[in-house]
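Now, the feature entries from TrEMBL:
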{"type": "REGION", "residues": "1-45", "note": "region 'Disordered'"}
{"type": "COMPBIAS", "residues": "21-31", "note": "compositional bias 'Basic and acidic residues'"}
{"type": "REGION", "residues": "204-239", "note": "region 'Disordered'"}
{"type": "REPEAT", "residues": "266-300", "note": "repeat 'WD'"}
{"type": "REPEAT", "residues": "310-351", "note": "repeat 'WD'"}
{"type": "REPEAT", "residues": "396-428", "note": "repeat 'WD'"}
{"type": "REPEAT", "residues": "496-527", "note": "repeat 'WD'"}
{"type": "REPEAT", "residues": "528-561", "note": "repeat 'WD'"}
Amino acid sequence: MSAAIASLASYGSDSDPENDSESKTSSEKVDPTNPDATAHLKPLKSGPTMTLALLNSAPEVAVKESVETGIHLDPLLKEVTYNPTYETMFAPEFGPVNPYKSQQMAAPRNMLSGYAEPAHLNDFMFEQQRRTFSTFGYALDPSVDTHQVTTNSYIGAVDEAEKNKGLTVFESGAKKGEKRKKVKGGDAEEIDNFLGPWAKYADEKDVAKPSEDEQKELDEITAKRQKKGKNEEEAPGEEKTILHVKDMYDYQGRSYLHVPQDIHVWSGHTKGVSAIRLFPKSAHLLLSSSMDCKIKLWEVYSERRCIRTFIGHSKAVRDICFNNTGTQFLSAAYDRYLKLWDTETGKCITPFTNRKVPYCVKFNPDEDKQNLFVAGMSDKKIVQWDIRTSEVVQEYDRHLGAVNTITFVDENRRFVSTSDDKSLRVWEWDIPVDFKYIAEPSMHSMPAVTLSPNGKWLACQSMDNQILIFGAQNRFRLNKKKVFKGHMVAGYACQVDFSPDMSYVVSGDADGKLNIWDWKTTKLYHRIKAHDKVCISALWHPHETSKVITCGWDGQIKLWD
């Protein structure tokens with residue numbers, strides 16, 4: 001205790017004069033009236049004291065001059081504005097140094113086995129040197145400049161490299177000054193005199209000859225063959241043919257080699273045909289409507305005659321539709337009338353009108369609703385009539401343009417309509433509010449729609465020269481993988497149809513051609529010049545799957561086989 005006090009006393013007494021002067025100066029500036037300011041000048045209370053070791057908790061860091069001179073380089077830095085030395089680039093990061101870190105641990109590493117310096121080497125040079133090393137045991141050192149190659153530039157079997165003068169496997173193995181070995185049959189440069197790879201066997205020395213016994217056996221076999229061939233030449237077989245048909249040529253002088261073209265043409269309409277419909281289920285009759293204001297019924301089989309003509313409209317007939325049994329059908333014309341006809345007697349049963357032009361007409365396909373039908377009108381409405389009362393029982397008024405098509409989907413519980421307003425709407429039967437509305441800025445109007453045989457897809461003829469496919473169940477999404485192109489239909493409502501097995505899609509076009517696409521690949525399979533004018537409709541026969549019926553604005557209906 002006395003020693004500690006003595007040391008404190010000596011600390012105060014041994015101070016130099018400079019410190020004394022500074023203390024005096026500081027004491028003169030102290031305010032004696034402030035007790036807090038003079039508290040540290042009071043003597044300490046007597047008691048036990050102890051010495052404390054001074055600790056520096058701050059880590060050692062590089063001084064400013066060291067950082068500026070570039071001793072350390074940040075490893076995360078992506079760009080360096082000067083050329084640092086190797087020691088600068090691989091200097092340790094700031095912080096305490098690991099005293100147990102060996103030289104091997106301190107070495108820079110960028111891969112598991114050590115450090116690999118990045119170097120650019122194209123694939124051909126790498127493969128050339130790799131194969132050379134595998135074959136001759138030496139390769140060019142990649143760190144050496146290729147323009148300054150010397151004996152020390154090789155690794156591996158350096159002696160072999162000196163012997164071969166550094167040649168690679170891709171270079172010629174022949175030594176300089178040594179001529180190429182000539183191949184029998186001519187020099188490789190003289191291509192005209194080259195006799196081929198079998199030229200060396202032309203000399204008898206190189207060909208193996210049979211022994212005497214083998215030669216005798218070969219001579220006997222050759223003699224037998226020549227004798228047999230001689231006998232056959234003396235007695236050749238008798239040639240004959242049998243014709244199993246009655247006539248070699250038909251009435252036009254054509255033989256059986258003539259390729260048959262089974263195309264039947266129904267001509268009876270004096271103006272363009274607007275629509276054709278096959279008789280329900282059996283498809284043995286064909287109903288057609290025309291711009292000559294007439295409707296005709298044709299035979300599909302046997303003599304293919306025109307059975308009956310229905311006259312009653314004063315303007316062009318636009319659409320027709322059979323009921324489920326085919327005993328009655330509806331017609332829609334530009335004279336603003338819809339008429340119900342008896343197919344067998346040809347009488348007009350009832351006319352319907354709301355003083356607007358009907359663009360399309362459809363019976364409800366349900367058996368218990370055969371007395372109801374809907375028609376798309378020019379005044380943007382879909383009107384529902386009851387045949388029994390001849391009255392309008394429902395109106396679907398949501399479209400912004402004339403209604404072009406009506407198609408029943410989802411087991412006839414719903415129907416889809418398209419319009420000049422470039423939209424597609426889905427309706428619940430007898431509910432005048434559409435529950436689905438499809439319209440995109442890129443969409444065009446779709447004046448012809450057909451339901452696929454399996455009821456899953458809707459084929460819509462779009463006015464941008466495409467056939468678009470929409471799902472006919474639930475969400476009615478556009479199938480972007482199924483788009484059929486390659487025909488010109490802009491401005492015409494060309495009807496689309498499917499083959500019964502869903503293998504093909506057919507459609508007419510403005511040039512009068514019949515286009516056939518493959519359903520799976522959507523590629524244009526075939527194109528036929530069917531009509532002189534617009535081919536407005538194409539129907540695939542449901543039973544004879546090789547036959548397609550088309551109609552056009554040239555007034556003809558054709559059956560294609």
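Every residue, even glycine, has its Cβ placed from backbone N, Cα and C.
No curator has checked TrEMBL annotations; they are predicted automatically.
Broken down by DSSP into helix, strand and coil, the repeat 'WD' (528-561) contains 0 helix, 18 strand, 16 coil. For the repeat 'WD' (310-351), the partner stretch with the highest count of Cβ pairs under 8 angstroms, out of 266-300, 496-527, 528-561, is 266-300.
Along the repeat 'WD' (266-300), the predicted structure has mean pLDDT 95.
When DSSP labels each residue, the repeat 'WD' (310-351) comes out as 0 helix, 23 strand, 19 coil, counted as helix, strand and coil in that order. Break the repeat 'WD' (496-527) down by DSSP state and the numbers are 0 helix, 18 strand, 14 coil.
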